[in-house]
Amino acid sequence: MTLSLLLRSAVRCNAANIVKSARITPLKSYSTLVANVQRKAVVQPLAVAKIAAPVVREISVSAPRMAAAGSSHTLLWTVERIVSAGLLAVIPAAFIAPSQVLDALLAISVVIHTHWGVEAMVVDYMRPSVVGNVLPKVAHIALIIISVAALGGLFYFIQNDVGLANGIKRFWAIKGKDA
């Protein structure tokens with residue numbers, strides 16, 4: 001019973017106050033000590049408020065630009081899923097009926113899908129608390145540059161060459177030399 005009283009009082013009151021009151025009044029009886037702790041618990045219902053502000057670490061699972069406190073990630077998540085599901089239709093369609101429109105749609109959806117995937121890895125593994133504040137920003141800028149360059153290169157290939165789907169078909173048709 002005495003243990004349960006102490007545990008209840010420890011929950012209600014800061015454990016450090018219990019230790020201090022026990023050190024200050026070593027000659028008092030146990031009932032007086034428990035009464036003091038219960039009185040302090042009534043007077044100070046949340047002794048945690050006296051402790052210095054707790055350290056709060058923000059953990060972001062999405063892009064930093066979407067990590068604002070008031071933003072909703074539901075729309076971004078929905079768009080990511082639509083693009084992922086759309087790839088299941090766009091990839092076969094681009095190979096069955098190759099055209100510049102389907103090639104462009106394939107290029108956009110593949111690049112944005114890849115961009116979001118690599119961006120999630122950058123956010124997860126390039127945390128400022130681990131690698132500093134500069135490296136995550138450099139990685140995001142590099143990712144944007146690479147994604148824009150890849151999309152531009154694919155558009156150039158679609159416009160000025162055989163197209164994305166036909167180019168992949170030709171690549172698959174290459175046979176190695178038999179030694």
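Every residue gets a Cβ built from N, Cα and C, even glycine.
Feature annotations, courtesy of TrEMBL:
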type	residues	note
BINDING	H113	heme b binding site
BINDING	Y125	ubiquinone binding site
TRANSMEM	75-96	transmembrane segment
TRANSMEM	101-118	transmembrane segment
TRANSMEM	138-158	transmembrane segment
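Least crowded of the binding-site residues (H113, Y125), judged by neighbouring Cβ atoms within 10 Å of its own Cβ: Y125. The residue listed as 'heme b binding site' sits 19 Å from Y125 (ubiquinone binding site), taking the CA atoms of both as reference points.
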